[in-house]
Amino acid sequence: MNRSLKICKYQLKSSVKSIMIFYAIFLGVLSLIAYLNKFLHTNTNCSVIEFSTIIFIFICALNSFKYEFYFSQGNNISRKSFLKGTVLYGISLSAILAFIDIIINRLFNLVVSCPMGYDSLYGNAVNLSSSNFFIPNNAINYLISTYLFNISSYIFWFMLAFFIGILMFRLNKSKKFLLLGILVAFIIYINVFSDILLSLMLFITNSFGLNTFNPYKGIISFNILSIIIILGQYLLIRKVEANKN
């Protein structure tokens, strides 16, 4: 466990500069929107701003395998310890960014209509029209639910991207093209057969509590998916070649 914590700390430390650059750009864009709204009366909103954080987390996770894996193998750290450390890193990174996002969101809501994904899916922005100014709910239980939902979603996207990173590392070029072809065929298939797409959408709606506005079903669903993906990561990483070019 000690080696896993070292991997986690190493990756968090390596991410500090990227996080600072990301939030500098992030705050710059939000400040510009706030300025346009206040002084030019443009009535611009910036709903679901955490999508940019999800993209950032996704990129971090994609880049968290190859170099770090070689580093761990060169320092006689087992694959299991490396995976545990990276999972801890993903959870820690998600917890930190989710906390920062809520603080930024609540501050910018003072001048800009800025609902989060949680507000749009489960909260008081579900039926918000573009002409209405969003008023955030700052009740403690609401903020806790928002935080837990954001953490669980961030962890899911991190684990998915890390799984993709391991998979892409293992596959040669021809297998990558084959996988891409299968994904494209699957997307075309579910779009042609609309009943399958509707059933899939209904399943997602029910599983994530979107029809009953129950965020805890969404939190549980994200956590279950993350656990399944972590198991997949473990199966993949056991067979990764440490000396692969």
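In case you wondered, yes, glycine gets a Cβ from its N, Cα and C as well.
What TrEMBL says about a protein is an automatic prediction, not a curated fact.
Look at TrEMBL and you will find 20-36 (among others) tagged as transmembrane segment.
The transmembrane segment annotation in TrEMBL covers 48-65 (among others).
Look at TrEMBL and you will find 86-108 (among others) tagged as transmembrane segment.
Outside the transmembrane segment (151-171) by six or more residues, the chain places 53-54, 57-66, 69, 86-87, 90-91, 93-95, 97-98, 117, 179, 218-219, 222-223, 225-226, 229-230, 232-233, 236-237, 239-240, 244 with a CB less than 8 A from a CB of the stretch. According to TrEMBL, the transmembrane segment annotation covers 151-171 (among others).
Summarising the annotation, TrEMBL assigns transmembrane segment to 178-204 (among others).
Annotation comment: TrEMBL describes 216-237 (among others) as transmembrane segment. Long-range contacts of the transmembrane segment (216-237) within the same chain, counting only residues at least 6 positions beyond its ends with a Cβ under 8 Å from a Cβ of the stretch, are 69, 79-80, 82-83, 87, 121-122, 145, 148-149, 152-153, 155-156, 159-160, 162-163, 166-167, 170, 207-210.
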